[in-house]
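Trainee: Quick one: this structure, given as structure tokens, is what I'll be asking you about.
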Amino acid sequence: MSDQNPPALRKIIHIDMDAFYASVEQRDFPEYRGKPIVVGGKPDSRGVVATASYEARQFGIKSAMSCSKAYQLCPTAIFVYPRFDAYSSVSKSIREIFSRYTDIIEPLSLDEAYLDVTEDKLGIGSAIDIAKSIKDAIKNELNLTASAGVSINKFVAKVASDMNKPDGLTFIGPSKIKAFMEKLPVEKFFGVGKVTAAKMKAMQIHTGSDLKNLSESQLLSQFGKSGKFYYKIVRGIDDRPVRANRETKSVGAEDTLAEDTNEDSVMHDLLKQISETVAKRLEKYQLKGKTVTLKIKFEDFKLITRSRSFPLAIHKAENIYAEAIKLLNDANIGSLKVRLLGITLSRFYDEHPSEKLEDNQLEFDF
Ligand code: DCP
Ligand code: MG
């Protein structure tokens, strides 16, 4: 008899703090409030912008932009160094707030998490009410704002949380998902980077609706394994569970060279330091990773990454360093000068095969 019943729809919330680092700075230093704040390095440094307050964003300042460019855009902005301890403490507090409602919490970064509230601890029932209550707690207890997306799967909840920032709450119910996905620009699709987006545009694929015209095998042949994912996601099918205790997906560190260079000894020294930082972080989280990724940014800001995976996880600085050197050699950078190097360890856990979720369009009580 239960076979006749449709599978129960999940209630998923994605929460993301607004202008996270910058908002914490404005909260802790009242003199920064209402002003353009850039968190990263100093304007004359070679650093990049981690984030900018909404006031600074009005000048076109964005994450990952060089601090010198940010300064050009807004010379009156206040440039501050990040205070990771402060952000990490807020991060712990927001997770404590989430845990009042559910134990199924999957943090994606310090400021962002998925929550499965299909069954919530307080018996509130409505995912929209839970999201409101979480936002209120964050505001009242931490003096910060967050934006929430509420839907039946991770993908839609995440896109939704970004739609009405700051302080937004966006609900995309099951009956709205089809139209929502059809309208969505391809660059908003999970995993669609700039290169894939450009390729799609060249194929006249601009929105979900264009993407839907391609068969699964066409998508597979054009985009490889990701094509299969696009096929499902554009039909609103995302069966990825919210996985608690998988908060750390990768651990890494990166650093800008004092001067652009292609000298092996200088790059090796920096990789050694970075390997030690990564090893310390891994130790802190008690993690070992099966994939090492080397990131190389060249003087023209072009970025490449090179990865290698192993059957056994590694965590020691010397092993990370040795792998990073191999990856650097294999990258064959020739006479190109390097500006920044980074190392990331990932694949701490093996993926579980995901379960199938029916493309179910039933409305239910959110
Ligand atoms: N961050 C970073 N470097 C980046 C992007 C982000 O160091 N390239 C850091 C700073 C951000 C924090 O991570 O405050 C969270 O990233 P988000 O992408 O959520 O950005 P914000 O929270 O700053 O802004 P938004 O309101 O758009 O979420
Ligand atoms: Mg954020």
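Backbone N, Cα and C atoms are what each Cβ position is placed from, and that goes for glycine too.
Caution: TrEMBL annotation is automatic and unverified by curators.
Heads up, here are the entries from TrEMBL:
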ACT_SITE  Glu112  active site
BINDING   Asp16, Asp111  Mg(2+) binding site
DOMAIN    12-193  domain 'UmuC'
SITE      Tyr21  site 'Substrate discrimination'
Trainee: What does the structure give for the C-alpha distance between Asp16 (Mg(2+) binding site) and the residue listed as 'active site'? Integer Å is fine.
Mentor: 4
Trainee: Non-local Cβ contacts of the residue listed as 'active site' (under 8 Å, 6 or more apart, same chain)?
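Mentor: Looking at Cβ-Cβ distances below 8 Å from the residue listed as 'active site', excluding near sequence neighbours, one finds His14, Ile15, Asp16, Met17.
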Trainee: If you draw a 10 Å sphere around the Cβ of Tyr21 (site 'Substrate discrimination'), how many other Cβ atoms fall inside it, taking every protein chain shown into account?
Mentor: 27
Trainee: Quick check: in three-state DSSP terms, what is the residue listed as 'active site'?
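Mentor: DSSP assigns the residue listed as 'active site' to strand.
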Trainee: What same-chain residues, at least 6 away in sequence, bring their CB to under 8 Å of the CB of Asp111 (Mg(2+) binding site)?
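Mentor: When sequence neighbours closer than 6 are ignored, Asp111 (Mg(2+) binding site) has Asp16, Met17, Phe20, Tyr87, Ser91, Ile94 within Cβ distance under 8 Å.
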Trainee: Test of understanding: give the count of other CB atoms lying within 10 angstroms of the CB of Asp16 (Mg(2+) binding site).
Mentor: 20
